[in-house]
Amino acid sequence: MLQSLAGSSCVRLVERHRSAWCFGFLVLGYLLYLVFGAVVFSSVELPYEDLLRQELRKLKRRFVEEHECLSEQQLEQFLGRVLEANNYGVSVRSNASGNWNWDFASALFFASTVLSTTGYGHTVPLSDGGKAFCIIYSVIGIPFTLLFLTAVVQRVTVHVTRRPVLYFHVRWGFSKQVVAIVHAVLLGLITVSCFFFIPAAVFSVLEDDWNFLESFYFCFISLSTIGLGDYVPGEGYNQKFRELYKIGITCYLLLGLIAMLVVLETFCELHELKKFRKMFYVKKDKDEDQVHIIEHDQLSFSSITEQAAGMKEDQKQNEPFVATPSSACADGPANH
């Protein structure tokens with residue numbers, strides 16, 4: 001008997017705090033996923049980093065031995081200055097000195113990466129005035145960009161997602177949930193083809209040092225707003241029509257970001273995903289509780305009004321009776 005009562009009480013406790021339990025498992029799963037990613041990246045990339053470090057040490061030692069007139073300290077200073085300039089997007093190589101980082105097309109590309117929070121990091125402001133303006137520009141521009149993207153995605157979703165699903169549901173009588181799932185999958189495949197596979201093939205042709213995997217990697221890193229900056233298009237030597245190429249990349253990134261958000265919004269509107277998300281949310285107050293609160297307020301208000309009316313009646317009863325002129329006129333002829 002006690003075991004059954006304890007079991008039922010535990011079940012009721014779990015059901016009552018189901019959202020909190022689900023949220024706790026969500027946090028734990030996210031932390032485990034972070035640790036899993038760290039373990040995989042470390043095990044895969046650490047050997048390559050070690051090989052690169054050994055290769056650089058050998059190359060540096062060989063260079064110092066071949067150039068005895070140059071001390072190791074002077075070489076360190078030179079390399080430090082070169083790496084510092086490279087962090088600002090300025091390369092010391094002769095074949096890269098012709099590309100300017102702050103012409104109009106490059107500045108437009110930089111502004112788009114700042115507002116979309118992609119931030120490749122290959123080009124950064126050099127002056128203090130540029131850094132200050134970048135802060136002010138981002139503070140105003142990022143919320144403006146979010147507002148712009150929200151409005152565009154809402155309008156596109158109506159025409160691309162909601163109306164087609166409603167048309168097939170009303171016109172052909174298909175189940176709305178089934179139509180929504182099929183539509184979301186097809187829209188995702190079309191978006192991946194148009195904004196990942198096709199652009200990756202184009203970049204692998206236009207960029208001399210990129211293969212298809214590296215081009216696809218750039219497309220994904222850019223449209224997901226990760227923006228690592230290890231691959232940036234239009235930075236090659238003697239890039240043809242570089243300004244037009246940069247403007248085209250800016251348009252591609254903006255349209256691709258909108259397409260990604262439309263696909264995410266389409267999947268988020270699926271009934272199954274809505275039910276799944278609600279498992280981790282804090283439950284809202286039930287309508288019955290709100291009705292009880294309103295009824296309680298009404299009862300308290302009515303009790304106050306009744307008390308006020310009772311006080312007025314008592315006050316009238318305690319006052320002395322005074323005949324009004326109308327009552328006197330009314331009683332006069334009768335008595336006469």
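Quick reminder: no glycine exception, Cβ is built from N, Cα and C everywhere.
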*From the ranges 15-20, 93-98, 117-122, 285-290, pick the one that Swiss-Prot records as region 'Selectivity filter 1'.*
117-122
*Membrane-side pairing of Val124 with Asn211, Swiss-Prot annotation*: yes
*Which residues does Lys274 (SUMO cross-link) neighbour through Cβ under 8 Å, counting only same-chain ones at least six apart?*
Cys268
